[in-house]
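Feature list (source: Swiss-Prot):
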type: DOMAIN; residues: 5-216; note: domain 'ABC transporter'
type: BINDING; residues: Gly43, Pro44, Asn45, Gly46, Ala47, Gly48, Lys49, Thr50; note: ATP binding site
Amino acid sequence: MTNIISVDTLLSASKLTCIREERILFDELSFEINAGDIVQIEGPNGAGKTSLLRILAGLSRPYAGQTFYVNEDINRCRDEYNEDLLYLGHLAGVKSELTAEENLNFNLRISGYDDFDTSAILAKVNLSGFEEALAGHLSAGQHRRTALARLWHNDCKIWILDEPFTAIDKRGVEELEQLFIKHADNGGCVILTTHQDMGIIKDDRLRKIRLDYRFV
């Protein structure tokens, strides 16, 4: 099935339904996310925010409905979609036995990049001087910034981020917000969850999708 959408639409959902343990987390949820959009998924704990992000990233299947990358079901264009997708879950995905530099190097290389300066990238997330520190010895904030560093060297259009501001201080949150705006202005989109208020991305720039679960 082909979904007819706007030429600016990068990602769309058609009648997505998700059920977990006899709870309907969301039902026949449809929306379009366009180039330039910054979208926050809202809802109480257990409402299905992470489940929705995982479905959009193709990591979980919905009970019903489809997700489309441009005009194609993501299950029919998996390679193309994955090349244009950066997904960061609420877990950092950082290996404790590797240094900050080794983690970044590993993450960028498995994403297909081979020309980058890890020290310069880590400096952008205030990790200068910690390049050789084992990730297991870093603070929670440094650990999270190690995971987020790949955002500063990435050409994927679609960013799906689960709680990117966790353990990040106010300055770090502002720097991430500025990066999100720049990415969107360059034709990408950002889909995220967060429990924190955003100070730089204003309501007129931020789209919101709210989830509220109910029992079957």
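Cβ coordinates are placed from backbone N, Cα and C, and glycine is handled just like the others.
Bear in mind that the values here come from a model prediction, so they are computed numbers and not experimental data.
In the shown protein chains, 11 other C-beta atoms lie within 10 A of the C-beta of Pro44 (ATP binding site). Put plainly, the binding-site residues Asn45, Thr50 were compared by Cβ crowding within 10 Å, and the winner is Thr50. With the fewest other C-beta atoms within 10 Å around its C-beta, Gly46 stands out among the binding-site residues Gly46, Gly48.
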